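Structure record follows, encoded as structure tokens.
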Amino acid sequence: MKSLSSILNECKTGAKLVFRSPFIYHSFRNIALSSTSVLEDSCLLSDDFISCDDSKLLEAKHSSFKAREEYGVFSGGKDAAEVCEKGVLYFNSKKAEAPEVMDIFRILTNCGWNLTSRNGYSIKLNEFNIIRIIDYLFQESSSANLALYFFKWSESFIGSKHTIRSVCRMIHVLTSGNMKHRTMDLLLRLVRENVDEESPSLLLAVLYETHSERNILESVCSMLVNCYIKENMVNKALKLTCKMKNLLSIYPSDRVYHALLRGLIGSQQLELAWEWLDDIQSRGMGLNASTISLFIHNYCKEGDLESGWKLLCQMRKYGMKPDVVLYTIIIDTLCKMSRPNLATSLLFKMIHFGISPDSVLLSSVIDGYCKLGHMEEAINILKVFKLQHNIFMYNSFISMLCLDGDIVKASRIFHEMTEFGLLPDCFSYTSIIGGYCKVGDIQKGFLYLGKMFKVGIKPSVTTYTILIDACCKFGTMEMAECLFSKLVTDGLLPDVVVYNTLVYGYGKKGQLQKVFELLDMMKSSNVCPDVVTYNTLIHSLVIRGYVNEAKSVLDELIQRGFSPDVVTFTNLIDGFSKRGSFEEAFLVWFYMSEHQVKPDVVTCSAILSGYCRQHRMEEANALFQKMLGIGLNPDLRLYNILIHGFCNIGNMDDACNLVCRMVQCSILPNNVTHRSLVLGFEKKWVKKPVESVGFILQEILQRYGTNVDIDEYLKMIEQPGGFVISLAITLSS
């Protein structure tokens with residue numbers, strides 16, 4: 001990263017524009033009309049005044065000026081003109097002209113231009129004459145708008161764009177005429193058309209060459225720096241500012257100075273930004289909390305909360321006291337990091353310093369608690385500070401309740417909003433629709449969608465995605481298609497999440513042709529498929545039995561630069577394992593390590609499940625031991641796969657040993673475990689297998705400190721959701 005000092009040195013040594021005497025852009029009133037040498041002698045910067053780098057650049061530019069300086073002809077009234085030869089237009093004085101054209105004709109005549117002719121008049125539109133006319137029009141009419149009219153009109157007759165010198169003179173006139181919005185347009189045009197590294201030096205030189213008033217030049221240069229910032233050319237803006245300071249003693253406005261500071265921070269050039277801040281202070285420019293907040297916000301955005309907090313505490317060094325905005329940045333970051341308790345502590349510390357929290361800050365803390373499901377703490381904040389009801393607060397509570405599946409309370413709060421005169425917004429409706437879809441009440445979701453349309457609130461892409469996802473899960477793909485069409489007709493752009501949802505729905509139903517049609521649609525819509533898209537595609541192929549085809553898809557994607565994840569490989573391993581192709585499954589396993597992707601418990605479960613189906617329990621147990629050796633922790637599903645495998649071949653000793661291990665690891669058996677053990681004892685021709693399993697489970701649970709009534713336990717785990725009930729009872733005992 002370059003330091004500011006190195007850039008300053010580069011500006012001093014790289015392009016030394018030595019202006020021997022300040023140039024003043026004189027009026028053309030007293031200059032002989034036939035002479036063009038005056039402009040060239042007085043206005044052009046001598047090569048002696050420029051370093052070798054800038055000299056070469058200007059030499060190249062001057063040659064391009066000469067190449068482009070084809071003498072066009074400006075004439076009044078384009079529709080009244082007759083083309084006599086290419087590039088020459090004659091004005092027919094007998095036909096009516098636009099008012100602006102007549103004003104131009106009158107002013108130029110009054111200024112001594114000989115435009116009287118029996119057949120009309122014509123003016124050569126070389127660079128010299130264009131600049132003269134722009135100056136005459138502005139001086140005589142005091143209207144920069146009339147000069148701009150001529151500037152634009154003449155360009156259409158030239159057949160090419162104006163030279164940089166003509167544009168720069170027009171920029172000065174527009175700024176003098178208080179048309180700075182048009183000045184910005186032309187400056188942006190110059191910045192976009194001249195993108196090479198030395199273009200700031202050239203533009204600064206030509207702007208200096210064509211200026212007539214110092215204060216106007218200062219304003220134009222400041223706007224030029226701002227244009228580079230707007231175009232995300234922060235380094236060019238910085239170099240231009242250094243040249244302005246060192247060569248012309250011109251400084252950007254305070255607003256542009258701070259915009260450049262924001263640009264440096266936004267481009268992650270913090271070292272330069274700090275040096276720039278020191279430069280701002282050295283100029284005596286006052287700093288405020290909003291300037292420091294730029295640094296604090298960037299630190300928090302990057303997750304460096306410690307640096308952000310340290311800077312907030314050191315603000316007095318810069319003669320400032322932190323305000324509510326700065327504290328809000330820190331507190332909001334803490335809430336987003338799921339640390340609302342620490343955020344609350346900082347909130348009360350802020351109050352201790354005499355800073356009153358506003359509704360934005362308090363709503364942020366409430367939202368932080370809501371996202372963690374801490375309803376009571378959120379309500380306490382609401383009560384303590386007597387926060388006035390607002391839409392953001394209600395949305396936080398509704399979103400939390402919907403995520404928790406408590407749709408009844410969420411609906412009650414939703415309707416309570418209107419009682420306080422608050423109108424639900426798109427986020428409110430989307431949350432409640434998502435809540436109903438989550439509990440399987442898709443009809444209520446559509447009911448709220450209808451209410452959105454009725455009150456004139458347009459659904460977002462997220463709203464449609466939630467409903468499309470619900471339709472795909474319930475298998476109603478026709479309705480999902482209708483929603484997708486409605487999304488498009490509403491003028492919304494489908495994102496990759498919408499497409500992935502539809503790919504999943506069609507893949508689940510085995511409609512692979514539709515899946516590939518969607519992929520083509522994504523390509524035509526410039527929506528790039530992500531890892532979820534390809535994982536869903538591969539999974540769809542695998543579940544339909546096209547495992548080899550899925551592997552071919554993966555190979556092709558890797559060649560294109562696609563980076564597969566553990567889900568991608570697990571899908572293929574599961575497909576090969578289910579059909580007993582363990583060699584291919586382990587080839588994919590080794591393929592994972594080549595791509596630095598580590599297998600997880602689900603990956604191991606896929607191969608173990610295949611081994612158990614094939615009754616290859618020795619290999620299954622060996623893989624299980626290897627899995628334990630690399631630090632993977634089995635889950636309930638994996639234990640049940642192995643227990644069922646051992647029970648299926650009548651190996652009850654190993655099955656019971658696994659039950660002991662899982663209970664020892666605080667994983668309690670469920671109804672699947674129970675049925676597998678019963679199956680094993682039935683294969684061993686044990687009398688009363690259910691009672692035997694019950695006795696064994698009770699003995700194992702008691703051995704590891706869990707006391708339950710086995711009969712009640714067995715009744716509960718056989719009920720739908722009974723495992724959750726039994727787990728709660730067991731943990732409380």
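Every residue, even glycine, has its Cβ placed from backbone N, Cα and C.
Feature annotation from TrEMBL assigns repeat 'PPR' to 288-322 (among others). Over the repeat 'PPR' (288-322), the average per-residue pLDDT in this prediction is 79.
Residues annotated as repeat 'PPR' in TrEMBL: 323-357 (among others).
As annotated by TrEMBL, repeat 'PPR' applies to 390-424 (among others).
The repeat 'PPR' annotation in TrEMBL covers 425-459 (among others).
If you look up TrEMBL, you'll see 460-494 (among others) marked as repeat 'PPR'. Here the repeat 'PPR' (460-494) has long-range neighbours at 426, 429-430, 433-434, 437, 442, 445-446, 449, 452, 501-502, 504-506, 508-509, 511, 525, 527, meaning same-chain residues at least 6 beyond its ends whose C-beta is under 8 angstroms from one of its own.
Under 8 Å from some Cβ of the repeat 'PPR' (495-529) lie the Cβ atoms of residues 461, 464-465, 468-469, 471-473, 475, 477, 480, 484, 487, 536-537, 539-541, 543-544, 546, all in the same chain and six or more residues away from its ends. The repeat 'PPR' feature in TrEMBL is assigned to 495-529 (among others).
According to TrEMBL, the repeat 'PPR' annotation covers 530-564 (among others). Here the repeat 'PPR' (530-564) has long-range neighbours at 496, 499-500, 503-504, 506-508, 510, 512, 515, 519, 522, 571-572, 574-576, 579, 581, 584, 588, 595, 597, meaning same-chain residues at least 6 beyond its ends whose C-beta is under 8 angstroms from one of its own.
Positions annotated as repeat 'PPR' by TrEMBL: 565-599 (among others).
The repeat 'PPR' annotation in TrEMBL covers 600-634 (among others). Across the repeat 'PPR' (600-634), the DSSP tally of helix, strand and coil residues reads 26 helix, 0 strand, 9 coil.
Taken from TrEMBL, the feature repeat 'PPR' covers 635-669 (among others). Break the repeat 'PPR' (635-669) down by DSSP state and the numbers are 26 helix, 0 strand, 9 coil.
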**Report entry** Residue counts (helix, strand, coil, in that order) that DSSP gives for the repeat 'PPR' (390-424)
**Finding:** 26 helix, 0 strand, 9 coil
Query - Contact set, same chain, for the repeat 'PPR' (635-669): CB under 8 Å, 6 or more residues outside the stretch - result: 601, 604-605, 608-609, 611-612, 615, 617, 620-621, 624, 676-677, 679-681, 683-684, 696-697, 700-701, 703-704, 706, 717, 723, 726-727, 730
